[in-house]
Amino acid sequence: MDTPLREPTFLILTALAGEPLHGYGLIGEVTALSDGRVTLRPGTLYGALDRLVDARLVEVDREEVVDGRLRRYYRLSPAGDATLSAETERLRRNVEAATARLAARSRATRPISPRVVGGLA
Amino acid sequence: MTDLERRYLRLLAAYPADYRRARGAEIVGTYLDLAAPGRRWPSPADAADLLRGGLRQRVRAAGAVDLMPGVRLAATVALLTATTLAGVWVVLELRPAPIAGFGEPTLGPFVSLGIVAWTAWGLAALAHALAPGRWTRRAVALALLLTAALVPAGALTGLPRPPLFVLLPQIGLGLVALGAADRLPASLRAVPLIAAGGAGLLGATLMSRNMFSASYYTWTVVPVLPTAAVVVLALALLLAAGLGLRGDLRGGWALLILLTPVGLLALQPLAGALDTAPVEVVPSWTALAATAVLVALVGPALLPLTLAARSHWARVTQPRRGHLPQ
């Protein structure tokens, strides 16, 4: 799978890093992780899961039937764990670099307090 | 089974049959989990999501994973062509014939109503430079609507409009350009805007105000579209061959998608080949109309036919492909 990961893919892998989840659970977890910014619909979610299963980053964990509805649980594979770790490290380094640059910029552009004009007359 | 479940299952027909058997219950179950109590119909957004997902899965089952990148590549070429042509047409619109000399109706200082659509295409090029993705697609959709609206607007107001052999290729290019990518390298974003400006300057040279007033039928203007057809076809062939050598098939898909607009751009020479009457500058209306219908029917059919052939081939050679891996 190409890196950097797209945000929905990153969030799906992050959601599955906690515990195996079924489709409905995954949608809720991705919404919570993104503070409501990313809301996946089932058609989009299962398309993404197909690609992740093909790339061997996600595996089928188990199946259950609840209230007559099939629920298939997915879990992060060892390859998915490695990909998510590498992507998280890449993002962390980017965040650190950006934070350092912004802090330096903030120091450089801080307004200088006006000197007192005149003397001690 | 509830009405809602039955309706979701009906929409699931967008997916290939073998995928429906493997995944259908799971997908519909998730929609039902998400549905508010008492809901009886899928929302339009859910229906669109299912149709999109089904199309994506059919493409995937056909082994055409390069199709969507191909659509985006074709969209980039189509937008570049459409905005470049609009740049030429804006200059033409600024060269109305003097009424006393020619008796041709004009739209004030412009040749025709076309100026409205060509300006919208210029804005689409600007949107592409500033905000690729959703805003570009919206700007393209607006330009496309305005271009198509020129036909009824001309009929209703009695004002002149560009001829159909100019509008049809622009509409064909616009439909392809609706697949514009969300993310593009910064170096590519301004290319349609620069190309439109460059084409405008070239058009100003070709249509010198001192020589004559312009119309879409003058001998310097008529070859613009066939020339564009040759350039776009050559570019698409180069992309298909260059990317194909690296095992990247998106150039091939882009070529297949661009064949329809190329056919519409080449409407005059194609119609001229069909037309039995002697052709002076532009072939007869009936020959142009028959060719346009032929191109509009055959061109778009090539993509689903190729996908069906790929799907059949994929089933024959890899019967298990497209199933959920266990």
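Cβ coordinates are placed from backbone N, Cα and C, and glycine is handled just like the others.
According to TrEMBL, the protein has these features:
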TRANSMEM  B:73-92  transmembrane segment
TRANSMEM  B:107-127  transmembrane segment
TRANSMEM  B:139-158  transmembrane segment
TRANSMEM  B:164-181  transmembrane segment
TRANSMEM  B:193-212  transmembrane segment
TRANSMEM  B:224-245  transmembrane segment
TRANSMEM  B:252-273  transmembrane segment
TRANSMEM  B:285-305  transmembrane segment
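The list of residues near the transmembrane segment (B:285-305) in space but at least 6 beyond its ends in sequence, with Cβ under 8 angstroms from a Cβ of it, reads 164-165, 168, 172, 253, 256-257, 259-260, 263-264, 267-268, 270-272, 274-275, 277. Across B:139-158, B:164-181, B:252-273, the stretch most heavily in contact with the transmembrane segment (B:73-92), judged by Cβ pairs under 8 Å, is B:164-181. When Cβ-Cβ distances below 8 Å are used as the criterion, the transmembrane segment (B:252-273) is approached by residues 64, 66-67, 69-71, 73-74, 77-78, 81, 165, 168-169, 171-173, 176, 222, 225-226, 228-230, 232-233, 236-237, 239-240, 243-244, 279, 282-284, 287-288, 290-292, 295-296, 298-300, 302-303, 306 of the same chain, each at least six residues removed from its ends.
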